[in-house]
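In TrEMBL this protein carries:
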type	residues	note
COMPBIAS	296-317	compositional bias 'Gly residues'
COMPBIAS	318-328	compositional bias 'Basic and acidic residues'
COMPBIAS	347-356	compositional bias 'Basic and acidic residues'
DOMAIN	510-620	domain 'PGG'
REGION	290-366	region 'Disordered'
REPEAT	46-78	repeat 'ANK'
REPEAT	86-118	repeat 'ANK'
TRANSMEM	519-538	transmembrane segment
TRANSMEM	554-577	transmembrane segment
TRANSMEM	597-623	transmembrane segment
TRANSMEM	635-656	transmembrane segment
Amino acid sequence: MKKIERTYKTVAKDVYLAALEEDWERMIYACSGSSDMYVMSPVTVSGDTPLHLAVYSKKVKPLQTLLDIAKKHSLLEKPLKKKNAYGNTVLHEAVFAGNMEAVEHLLQGEYDPSMQLQTKNALGETPFYRAAACGKKKIVELLARKMGQIPEGTLSEDHRKREDSKPILHAAIQGHHFDTALTLLKLDPSLYKMKDDQGMTCLHVLAGMPSAFKSGYALRQITITNLIYCCLSAAKGDGDQSRCKKGWPLVEIIRKEKHKHESALELAKELIKKNKLKWWQSITVKPTKVNIETPGQGGRGGQSERQGGGGIPGGGREGQDGAREGVDTGKGGGGGEVENNENGQPKIEENRRQEKPPSPPNPLFIATSNGIVEIAKEILAKFPQGIELVNDEGQNILHVAVMHRRREIFRLVKKKNIIVTRMSTSVDNNGFTLLHQVAHVKHYSGGAKPGPALQLQEEIKWFKRVQRVVPPSLSEQRVQWVVPNDKNYNFTAFELFQEEHKGQLKLAQDWIEKTSQSCSAVAVLLATVVFAAAYTIPGGSDDRGFPIFLHNPFFIAFTVLDVTALASSLTSVVMFLSILTTPFECEKFYHNIPRKLIWGFTLLFFSVMTTMLAFTCTLLLIIRLKKQWTTGLMSMAAFLPVSVFAVMQFPLYVAFMTTMKDFYKEVVKSLPWIHLPFRSHFRQGKARRR
């Protein structure tokens, strides 16, 4: 007995090590030279047999050889029924490994394919479900051809869900396998109707995945990655794909991302197109009362009522099925009867117990909160009236876009002037206007700009942007707010903005102060160097005191560059000192401080560049090199610190340049030549190109 046990341990070890080293011939030899029972005996701690491991060879030969060994000893069905600790059969593992040849071999008639296709693992997944969840599109198509239900257009219930009620289409979408999801929809169009245990459809799931779309892809500004993404085609080319992987791995990664984004958009269009909901089914016939406080009054006194979802006639409130269907809810000043129980008491508690669990948010609101512009556009293209939907919090799409700082969706809605005029007066259930939403930082995720100062500037821009949309009367509206000392205060939108951004303002003040001090120190050092260089004449002077190289063009260039470097460095010092003497108030971070900082950075960079050029001119004067290649090397060495400085500070510089861009727009709008004829023609031509 001990001898048999020792032999089994030895064989199991040899088989396992051979599989890890991908030495499949050695693994087959270890199994064939031992007892036939070892083909179906577990060799790993998770209960995998040699057959489970053989499918990871990406070939069919190791699996076929082991099955032939089992066939000789009449063990054909038992190894294929054998499950590991996770309940996976050999077919489950072959599907997961993506071994197409092994799957085709296992589905031959002699191996009882119907039994294998119906077998579930510990999660309740059939091989077909597992193939879809793992994104094995070709295997899904192969298994579909082997199953008799597919030609009828409906999957059997065993393949549609697993034990935790997760639908097969949800699993494919959550795994970012959108090509596979589109294939499933073609096989069974009814899959889009399925919901998980939380009532989420596949469109809900897709709307919560911003990384699956281009709008949520983290492309850096003006980089090679962005350029490659725009130029690449997402179409798969088998001939060029392998060469691309070996020679240009970055290009292949970007191509896969772009293909994923386009597949996700195609899937979203398909799901929205299949949705049979009509816009009039979302109209609320029951008015919604929202209490708002008039300016200048504290607490909740002086309240007026808004009806229809914040001044939107017919604005749909999400989740009110009774109102949608025109059902009398028994509320109001009469006409509605309240049902009593046996004791004559109203059945309030009993009715509450019978209430359905809350339904998930509308996909439009989910997409808006995640900034998925593509889904929002497609939904509004099919259901234009959906733009006036209101969620359970009394918030419309503008509220949600502002809360989560989704600028593209805000722009999308802002283009519709009539809608914006109607929706800008909307107030949610908490009395929050659009300005209060942008002042609140509950859903703030830190912004996309580098540094606390730029992030605070971005928040101020959001407040100014929304302020231009909201009527002035709502700017002074007050809401009750609890501050950290547990006291209630009535804040206007700007007061709430200041209260909520105190911590961010402190971080921005510290960052600006340290940055200005560091940059001013560097600028002073540069000014000292170039000032001393002005009195050190390259090559010396003659008997009359004139420079020897006075008429040399390199000497003239040295003089001009040295003076320019001195002027630039001293001016940058002045700019940074003006920043340090500026009161670090919240409003100053909108344009004043960032504008000074960008000028200081620009002058400092220009000073470094001209200093190095002056140094190069000095070397060329003294050494007098005649060979052009040595001159080129010296120029490259001179520009090395300039290049390093530019690369390290470029992202911050680009971020600050947006400030100058916004400032330029404001200046252009205020100039009188804005009304000249050529200006209007230019705008018309630009509009036509759009």
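Cβ coordinates come from backbone N, Cα and C, glycine included.
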Average the per-residue pLDDT over the repeat 'ANK' (86-118) and send me the rounded value. 91
I need to check the long-range neighbours of the repeat 'ANK' (46-78): which residues 6 or more away from its ends have a CB within less than 8 Å of a CB in the stretch? 15-16, 19, 22, 24, 27-28, 31-32, 36-40, 84-86, 88, 90, 93-94, 97-99, 101-102, 104-106, 110-112
Counting each residue once, how many in the repeat 'ANK' (86-118) are helix, strand and coil under DSSP? 24 helix, 0 strand, 9 coil
Counting each residue once, how many in the repeat 'ANK' (46-78) are helix, strand and coil under DSSP? 22 helix, 0 strand, 11 coil
Where DSSP helix means H, G or I and strand means E or B, what are the helix, strand and coil counts for the domain 'PGG' (510-620)? 86 helix, 2 strand, 23 coil
